[in-house]
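Structure first, then comments.
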Amino acid sequence: MAPAKIRGTVNQLFQLTTCIGILVANLINYKTDQIHPWGWRLSLGLAVVPATLMFIGGLFLPETPNSLVEQGKLEEAKAVLIKVRGTNNIEAEFQDLVEASEAARAVKNPFRNLFARRNRPQLVIGAIGLPAFQQLTGMNSILFYAPVMFQSLGFGGSASLISSTMTNVALVIAAIMSMYSADKFGRRFLLLEASVEMFCYMVVVGVTLALKFGEGKELPKSLGLVLVILICLFVLAYGRSWGPMGWLVPSEIFPLETRSAGQSVVVCVNLFFTALIAQCFLVSLCHLKYGIFLLFAGLVFGMGSFVYFLLPETKQVPIEEVYLLWRQHWLWKRYVEDHDEKTDQ
């Protein structure tokens, strides 16, 4: 529903409100943890508040113009489009929606269509690449080590909660930064710039832990402070790039006929790699030790290369016209042009 020129900013509200919700939950848990023995009941019970707000909000939430067009409710779709755009001059955009809906209706099996050759860019980048890489950035490894760093600074038993709160504050700040920069600098720039930052932070953390930590060595507090700062910088880099862009870019590049199927695969791949990292990280940490951070550094380098060579810029490009980007790309145009030639024949 968002206009193309501010689509990135509006989309980032999802990331921002999610991060704020996690932060508020951490703060509530910190307070209720001090209430014995029923604090945990209060913590769980307060979840009724956001659930109620979501239910009430859902009652007033309008259908999207795309959805109404697909249901054949053209006049309602036009009315909603006029309302969200704030102008009656929506005929061109409305016609694009109708044409896209007719093309989508002609597709009988959207999941099979997603694997068609002409949709190879969306499959590789949006459905597999970005959601998988979002979890392979090493974010979980940094968050895992955060309590150890804070304990070395003398935070004691509350280190885990304090580190969680600090990293979530950093995520909220990063989400705000992303909202204001996604439509100004573009998706590619944020992903590439953050990849360079995250690569450097991972290498520094890995080398530092290899030289100064473990084997009975105690981490100096001054060095622990440096590592805490690096952790927050890493979270800031992730929170304004791979975190939100891992959801934003896939939502922009799927055509209407495969959008629902594509977004389903995005979530599936993301959760699969989330579970994979959760199950394998501790085992990998025990065997690789500091090397796990160097491994993630290598993965981040690969992710940056993936974006540099394969992802075109989608900033301010109407969703209905994203397919034109593939025709101009050095690699993807081969797949799209092959399909266009067959269609013409």
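The backbone N, Cα and C atoms fix where each Cβ goes, and this holds for glycine too.
Note that the structure is predicted; figures quoted are calculated from it, not measured.
TrEMBL has this to say about the protein:
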- 1-315: domain 'Major facilitator superfamily (MFS) profile' (DOMAIN)
- 12-30: transmembrane segment (TRANSMEM)
- 42-61: transmembrane segment (TRANSMEM)
- 123-146: transmembrane segment (TRANSMEM)
- 153-177: transmembrane segment (TRANSMEM)
- 189-211: transmembrane segment (TRANSMEM)
- 223-241: transmembrane segment (TRANSMEM)
- 261-283: transmembrane segment (TRANSMEM)
- 290-311: transmembrane segment (TRANSMEM)
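The transmembrane segment (290-311) makes no contact with the transmembrane segment (12-30), as judged by fewer than three Cβ pairs under 8 Å among residues 6 or more apart in sequence. Sequence-remote contacts of a segment are chain residues at least 6 beyond its ends whose Cβ falls under 8 Å from one of its Cβ atoms, and for the transmembrane segment (12-30) they are 43, 46, 50, 161, 164-165, 168-169, 171-172, 174-176, 178-179, 182, 239, 243-244, 247-248. Across the domain 'Major facilitator superfamily (MFS) profile' (1-315), mean pLDDT in this model comes to 87. Taking Cβ pairs closer than 8 Å, the transmembrane segment (189-211) reaches residues 137-138, 142, 145, 178, 181-182, 223, 226-227, 230-231, 233-234, 237-238, 240-242, 245, 289-294, 296-297, 300-301, 303-304, 307-308, 311 in its own chain, all 6 or more past its ends. Taking Cβ pairs closer than 8 Å, the transmembrane segment (261-283) reaches residues 110-111, 113-114, 122-123, 126-128, 130-132, 134-136, 140-141, 144, 246-247, 250-251, 254, 292 in its own chain, all 6 or more past its ends. Outside the transmembrane segment (123-146), and at least 6 residues removed from its termini, the chain residues within Cβ reach (under 8 Å) are 114-115, 163-164, 166-167, 198, 202, 205, 228, 231, 234-235, 238, 242-243, 245-246, 249-250, 253-254, 262, 265-267, 269-270, 273-274, 276-278, 281, 285, 292-293, 296-297, 299-300, 303, 306, 310-311.
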